[in-house]
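Contents: one structure, followed by commentary.
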């Protein structure tokens, strides 16, 4: 009895799905930890009826292969493969504003006020942070910032102290 040749296992494969309009959608078939998942790349091959279409398809396949190579590197380096949604790409401050609006619509004004206060502190700390960038290190840094920042009352107390010192010096 002949042995069957074992093929090398590739964790990421490029696959194609035929669309109704004649184009082909490109997606990745990712198999890791005994689980299969699909990542649709939003890249499309068009029917090759002209030289321009052939060049366009070649460039699209290069982009798909680059993404495939990155996913393979992520898997081999044990990095979690993340697919960012549109929600994850939005800024944390925008998301907090949406959440505050949601609280206001539900009649929870104290929630909206607290979220707005956090939003103001975030604008001072890091106004461009995206949701997918929020991690333990960012949160620890934000907490440290909140603990060490000057509050409005501290600034007013310092101003009052300086004003009283100035007035006492001008009298003397």
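Note that Cβ sites are derived from N, Cα and C of the backbone, with glycine treated the same way.
TrEMBL has this to say about the protein:
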DOMAIN    12-73  domain 'Arm DNA-binding'
DOMAIN    91-160  domain 'Phage integrase SAM-like'
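Taken together, the residues in the domain 'Phage integrase SAM-like' (91-160) have a mean pLDDT of 83 on the 0 to 100 scale. Each residue of the domain 'Phage integrase SAM-like' (91-160) gets a DSSP state, and the totals for helix, strand and coil are 56 helix, 2 strand, 12 coil.
When the domain 'Arm DNA-binding' (12-73) is classified with DSSP, helix, strand and coil residues number 23 helix, 27 strand, 12 coil.
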